[in-house]
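Notes to accompany the following structure.
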């Protein structure tokens, strides 16, 4: 039995927090590998799944983050698993958003869930660290990780969770290096595909705009036929057309 544990806080109000990305990853694994119905055990929500032939217990501790170690230690004792068979999935403020790293053992980096684990388990469990970024100042960290992911982060979060789920067989069998390589490959291909689609859309939009502009220019350049000159109006009947001015007297003499 392998334990794949997502760290987070229980309750709908925390569901989309950065601190709950571990729960999100485990939920995605559960969906992808048709896990059994969730049940309550080991102070957690647990569900068994078979990932490409490997038996796995998916866990979401309900102890709240700071006491996660109690739930994991209880399950580890029950199944008598080695530390190398425990994978902890958690948020990591020391990695930029959209980055992840696999790590075995090491310091907790101030993460309260990891502090709880390390106080009850020996060093050596495996960790899938998912970058959520840092707010810039230490005192801002609690509020930052307990806020929901902004909408823009879904552009990297969704593909990453999907890639984790698809490459989970490598995680379950302990090949962390190959797992990381395959996930990076998937994410790179996805980014290239998305980038190509965006470039194609921009090109199409530019072509459409240029076509519309050309149509307007052509319409504006068409010559409008000149109107025929209006005939000079004939003098109205009864109008005196006799010359006037200094030549009027001469004209009158010539008529006589």
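From the backbone N, Cα and C atoms, a Cβ is placed for every residue, glycine too.
Annotated site 'Discriminates between blocked and unblocked aminoacyl-tRNA' per TrEMBL: 9, in sequence order. Look at TrEMBL and you will find 14, 64, 66, 112 tagged as tRNA binding site. What TrEMBL records for 19 is active site, proton acceptor. Residues or ranges marked as site 'Stabilizes the basic form of H active site to accept a proton' in TrEMBL: 91. Here TrEMBL flags 190-204, 214-227 as compositional bias 'Low complexity'. According to TrEMBL, the region 'Disordered' annotation covers 190-256.
Locations of recorded TrEMBL features on the structure.
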| residue | record | contacts (Cβ under 8 Å, 6+ apart) |
| --- | --- | --- |
| 9 | site 'Discriminates between blocked and unblocked aminoacyl-tRNA' | 17, 19, 20, 64, 65 |
| 14 | tRNA binding site | 8, 20, 146 |
| 66 | tRNA binding site | 112, 113, 115, 116 |
| 91 | site 'Stabilizes the basic form of H active site to accept a proton' | 7, 18, 19, 20, 21, 22, 111, 130, 132, 145 |
### Query
Taking the center of the Cβ atoms of 14, 64, 66, 112 at the recorded tRNA site, which other residues in this chain have a Cβ no more than 8 Å from that point?
8, 9, 19, 63, 65, 67, 68, 113
### Task
Return the single residue from the recorded positions list (19, 64, 112) that has the minimum number of other CB atoms within 10 Å.
64
### Query
By the DSSP assignment reduced to helix, strand and coil, which category contains residue 19 (active site, proton acceptor)?
helix
